[in-house]
Amino acid sequence: MILTLSEREMEVARKVLQREPNEAEWRMLDVLWSEHCSYKSSKVFLRSLPSEGPNVVMSVEDWQDAGAVDIGDGLALVLKVESHNHPSAVDPFNGAATGVGGILRDIISKGAMPIALLDMIRVGELNEKGKWLLRNIIAGIGFYGNSVGVPVVGGELSFDSTYNDNPLVDVACVGIVDKGSIVPSVVKEPGLRLVLTGFTGLDGLGGASFASRKLSGNDEIGAVQIADPFAGKIVIDSTLEVIKYVDAIKDLGGGGLAVAVTEMANGLGAIVNLEKVPLRVKELLPEEIIISETQERMLFAVKPENVEKVCSKFKEFNYPCEDIGEITPDRRVKFLYNGKTVADLPSELLLSPPLNLMPSERAPRRYNVPKDVTIEEAINKVLSHPDLVSKEIVYSQYDYEVGTSTLVKPGEADSAVLELPNGRLLALKADANQDLCSEDPYECGKSIVAESFRNLSTVGARGIALVDHLQFGDPRKPHVYQDFIESLRGIAEASRFFSTPIVGGKVSFHNEDKDGNPIKPTPLVVMAGLIEDKVVRNEVREGTLVLLGNTRDETRGTLFSRIFGSWGEVPKARLMEDLLASKLILKGISEDKVLWDKDVSKGGLAGALLPIIVKGYSVKIFSSSIIGTSSLIGKMFSENGGRFLVITDDPQWFTYQSGRLGIQASIVGKVEKGSSLWIDNKEFKMDGIIDNYFSYLEKVVWS
Amino acid sequence: MDVLKALKLVKADAEIVLFNKFDPDHYQGVVLPGGFSFGDYLRAGSIAANSEAIKGVKEMANEGKLVLGICNGFQILVEAGILKGALLPNLNLRFVTKWVWLRVKRKDTPFTKESKDVLFMPIAHAEGRYFLDDEESASEIAVLQYADERGVPTSEANPNGSLMNIAGITNEGENVLGLMPHPERASFRSISPNGSSDGLHILKVFGG
């Protein structure tokens, strides 16, 4: 029995119980007190995230549930992000696929119909292992998402050697539900029956504890769950049909029955008769049934008279569904097997692990000596970096058209746009930035929220809510813990500034390589917004290039610095500039002044020009018109925020309006037919970069 | 659901029928939509092709009623022997979503008789490479071919390695059409990349 509990935690358990827990009870405590399920090292700080707002329908008292925001006409949007990092490192196909299945069940457990998925993938070098990981992660996401018919409408793909051993596989899902019919995850009264649907198998034993420690390098395949999207589809459809007969729903994820029952009881008690649990394999031990994390299972709290109505729906599809126990008033969670007590623990103990506040200390800043990088070298290396190449080969493996509502499709713009059942348009975007976070996690936390806000603006949307996912190494390391606190502060600050409440989130610690080095801190946010007035169909055309915002010479913690080394200043998030520039973009879109636009982020201005060039256009830049720095490298590669690049036929409108709003904007260039980048009078041939843009991933990963 | 939404646009009187509740005598026509029937675990469409409901579809096909199979529905029609040939895994062995141009090769089927010559629709499949060991009869039954924007079936325009760029075929009676592209996803101007609604050219045959 591998337990991740510390000596101190075991002492607390013994003291409260005044006895030695048996093996099944230790295992329950192990999963419930795992970092994955209990947030014991992060909870104190998570409380500082702004989760309230006028449009928030359901916030996150319980951090494992999805939050919901009002989107008008009696509808609410349910939003959630999760990762499957550890399983994906061991079995990328099933790890990534079950990540999709798990998040879909989170959405339906609120009674909401899932309408879109986003996937964010970070892998290391593209050696044999890296390619194997990437191919299988993408195949796994497609396998599940395509089969159940939920479109994958956006995401991110980044390559950084920090993820060589520990890839990050994040998936976000949104769903739609009538505001009045959101189903809670917890019960308020005893007497309800506990109904379980789905078979329980041997897979995913101890998955939550597995995710709460560093990868051992040993055979850990048994901790990975196996994906079955056909069963997943039955669960989705049938669950949504029975929601009117249920009082609470919880999907079975990390920690299996132990966690689902305990959290659903929410301080009340529960009795579960384990012999009634439908099994996929015979002769599972009772304690294995308690902690198995087999997918495609849901737990319902149901009034006794409704049990038959709920189960008959599943049985129509020959899907197992059983009454396995009930919610009791006695505040104890009991698992029985043929009447014999297997585990009997107080709810209070299970739900309150001793919280940790770890020592924290900021890592000393590295001061590298600046290198001489020529503009030619910089353009060639940055613009051919795999982070900036076309991701078509990835998203074409996802069925992004299913649902007939994907208006702005993957690769078309900085955000995806979907048609909602009430006719409104929803924009979605996810952002993370491991380069900046490894230099300054606080600025990075602010910056990724600001970037999402800008990304939504580029299609005409204003951000309304977000979810976050905080991914770090071992929190017992003071530098890691400090990075966690700082990035969380940054995210909290920016989301309060933009009035985009955080309605859900997740923490994933223990992301380290096999030598015990933590990954670069990688907090990630997913923001949802609504189109304010008009949506832009981002089509590159000939026209004038206008740059909104101020360009600073800030190249530390950028893609440029990942390639050439980190020196100089860190891009700081000046949130007011992001807000004002976003306002101007929205106004430009509603007055039809924007032909094409993009926010300036990864790769700086040069990176923002690449999508224009690869569409068969030349770009001419007048470098002296770029406001804010005299350094050419800074002008082209700085990643400071608050900026948008726009193609327009009416540049004067932008220069005039920017002055009225209190920001800077200038005419920085022209777009013409061709395939070159001109900076002043110097021509940079782009043919090699264009070819690399279209062929890189296919050539390196899929051939 | 998507097909139903699109059929409403052409004013078809349509409803969704569950796999185990299908009565062929009750309907004038049937659409087998895409969608990973039974998870496609064995081979795309093969389990569904042996289901009770498909016997009903066969009856309808034999009676000359309209039968349209889209994507997985096409795979089912082929697996059930209602249409000839086979749908093999794409040459690159990957699932692919992509908007493609289609040449309408035959206009003597009820589905295509008033259609434009070139249609724009998305595909989304992993097993869509049409194959038949008799090229001559494949050419005869081919209704739709992957093509370039002008309607010329080039090898570059072939997304999955289909024999003769075949994207859709009919039966001898011409009342059954199977196609890999999704007309229902090309029925709404707002989500089409070029603002078209070419899928309606295929679906309007069901219109009231």
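A Cβ is built for glycine as well, from the same backbone N, Cα and C atoms used for every other residue.
Per TrEMBL, domain 'Phosphoribosylformylglycinamidine synthase linker' is recorded for A:3-40.
Its own atom aside, the Cβ of A:HIS36 (active site) has 27 Cβ atoms within 10 angstroms in the protein chains shown. According to TrEMBL, the active site annotation covers A:HIS36.
Residues annotated as ATP binding site in TrEMBL: A:TYR39, A:LYS80, A:ASP468, A:GLY505. A:LYS80 (ATP binding site) falls within a strand segment according to DSSP.
Summarising the annotation, TrEMBL assigns domain 'PurM-like N-terminal' to A:64-177 (among others).
Residues near A:GLU82 (Mg(2+) 1 binding site) in space but far in sequence (CB under 8 A, at least 6 apart, same chain), listed by position: A:GLY99, A:GLY102, A:ILE103, A:ASP106, A:ASP170, A:VAL171, A:ALA172, A:HIS469, A:LYS506. The Mg(2+) 1 binding site annotation in TrEMBL covers A:GLU82.
The substrate binding site feature in TrEMBL is assigned to A:SER83, A:HIS84, A:ASN85, A:HIS86, A:ARG105, A:GLN225, A:SER508.
What TrEMBL lists as active site, proton acceptor is A:HIS84. The Cβ of A:HIS84 (substrate binding site) lies under 8 Å from the Cβ of A:GLY95, A:ALA96, A:THR98, A:GLY99, A:GLY102, A:VAL169, A:VAL171, each of these being in the same chain and 6 or more residues away along the sequence.
Summarising the annotation, TrEMBL assigns Mg(2+) 2 binding site to A:ASP106, A:ASP251. Close to A:ASP251 (Mg(2+) 2 binding site) in the fold, though at least 6 residues off in sequence, lie A:GLY102, A:ARG105, A:ASP106, A:ILE108, A:SER109, A:ALA260, A:ARG297, A:MET298, A:LEU299, each with a CB less than 8 Å from its CB.
Taken through DSSP, the domain 'PurM-like C-terminal' (A:189-335) splits into 56 helix, 33 strand, 58 coil. The domain 'PurM-like C-terminal' annotation in TrEMBL covers A:189-335 (among others).
Annotated domain 'PurM-like N-terminal' per TrEMBL: A:414-531 (among others), in sequence order.
Taken from TrEMBL, the feature domain 'PurM-like C-terminal' applies to A:545-675 (among others).
Taken through DSSP, the domain 'PurM-like N-terminal' (A:414-531) splits into 45 helix, 40 strand, 33 coil. For A:GLN225 (substrate binding site), the nearest of the recorded positions by C-alpha distance turns out to be A:HIS36; the candidates were A:HIS36, A:TYR39, A:LYS80, A:GLY505.
All protein chains included, A:HIS86 (substrate binding site) registers 25 other Cβ atoms within 10 Å of its own Cβ. For the recorded site, A:HIS86 (substrate binding site), the DSSP three-state label reads helix. Here the candidates are the binding-site residues A:ASN85, A:HIS86, A:SER508. The one whose C-alpha lies nearest to that of A:TYR39 (ATP binding site) is A:SER508. Spanning the residues A:SER83, A:HIS84, A:ASN85, A:HIS86, A:ARG105, A:GLN225, A:SER508 that the record associates with binding substrate, the maximal Cα-Cα distance equals 20 Å. Cα separation, A:SER508 (substrate binding site) to A:HIS36 (active site), rounded: 7 Å. A:SER83 (substrate binding site) sits 11 Å from A:GLY505 (ATP binding site), taking the Cα positions as reference. Long-range Cβ proximity for A:ASP468 (ATP binding site), meaning a same-chain Cβ under 8 A and a gap of 6 or more residues, is found for A:LEU49, A:VAL81, A:ILE491, A:ILE502, A:GLY505, A:LYS506, A:PRO523, A:LEU524, A:VAL525, A:VAL526.
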